[in-house]
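Trainee: Before I ask anything, let me first share the structure, which is written out below as structure tokens.
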Amino acid sequence: MWIAPNLITLIGLVINLITVLILSSFSYSATEPAPSWAYLQAALGLFFYQTLDAIDGKQARRTGSSSPLGELFDHGCDSMTQVFVTLNICYAMSLGTVSFGVLIVSVISVVMFYCAHWSTYCTGQLRFSKFDVTEAQMSVISVLLFTALFGNGVWETPIIFGYTLKYFVIGSSFLVSVYQIHGYIHVIFSGGVGKNGSTIAGTSVLFPLFPLLMVVVPFIMIYTKTDSTVFDDHITLFSLCFGAVGAKATNRLVIAHMSKSELRLWDWIYVGPLALMLNQYYNYVFDEYLLLWIATVYCYTSLFIYCTVVCRQFCEFLNIYIFVLGPRQSKSN
């Protein structure tokens, strides 16, 4: 009864992060096979995160500590986990050996998660499909366990017309993802609850598209325009940088939904990918690998500061603590 719900969510996030980093140490470029135990511990890490993420709400109701901060913190951790879940798939199937493989999977993952909250911003309700986040996470766990049992090479098994098992799995997942995104788009255009079918903030249902483009387009351009293999060789670092920018964009959308406020286009986290683009435009004034490190650290610093400031504002306004239950500080103090 003394454990705060948000602490449960954070523990799950940290476990998932540690297990993914362990797996990445063996398959940094998503081309190298890892030991079976590395895939197994990644599967357990994702299972623990999924389980803890599912029970934090129950713990909140059990302890009488439900609050909007809990909803925000839950979605925030989910947005950060997206890149970890995606990297698990890439490591298990060695998608670094497929041209644009890691980039495509990462973009689809970020777009799907963003579109889910985009539709919420329009309708005021977070709707779940028959195959949604939980089912997707269990599918990733199954892939990791399958890889742990039969080895990384099992995904190179020919299936039909010369295509291997990993192409069949990724192709099937791509079709499911397109179907999901189509459903979100349908809700976005037809389910707006504001005036004249607008968002809950009374703004255009189309506007959230532009922050999403500010996330996706620069990274696609950076990856495709480089003259070297630095982003393929360091695809984990590149994906983490992309994930940080996508997570902040999604968090800003969640805040806009919860506060029924207008979503702004610009955010200073975009300086990270823009710096990489400008470096390419001016013929690589700085070393790309060094600049990628700087951009990644900058983006995660921006994300951490944003999350910290927002959580502190919630705590002050609601007169609660984020990771501690018990007596609340009186507003008179």
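Quick reminder: no glycine exception, Cβ is built from N, Cα and C everywhere.
The transmembrane segment feature in TrEMBL is assigned to 7-28, 89-116, 136-155, 167-185, 205-224, 265-284, 290-311.
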Trainee: Cβ pairs under 8 Å only, please: of the recorded stretches 89-116, 167-185, 290-311, which one is richest in them relative to the transmembrane segment (136-155)?
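Mentor: The stretch with the most close Cβ contacts to the transmembrane segment (136-155) is 89-116.
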Trainee: State the non-local partners of the transmembrane segment (290-311) in its own chain: residues 6+ outside its ends, Cβ under 8 Å from one of its Cβ atoms.
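Mentor: Apart from its flanks, the transmembrane segment (290-311) reaches 69, 72-73, 76, 80, 230-231, 234, 237-238, 240-241, 244-245, 247-248, 251-252, 255, 267-269, 271-273, 275-276, 279, 322.
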Trainee: Sequence-remote contacts (6 or more beyond its ends) of the transmembrane segment (89-116), Cβ cut-off under 8 Å?
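Mentor: Tertiary neighbours of the transmembrane segment (89-116) are 23-24, 26-27, 29-34, 39, 42, 78-79, 82-83, 126, 140, 143-144, 146-147, 152, 155, 166, 169-170, 174, 177, 180-181, 184-185, 188, 208, 212, 215-216, 219-220, 223, 232, 235, 239, 242-243, 246, 249-250, 253.
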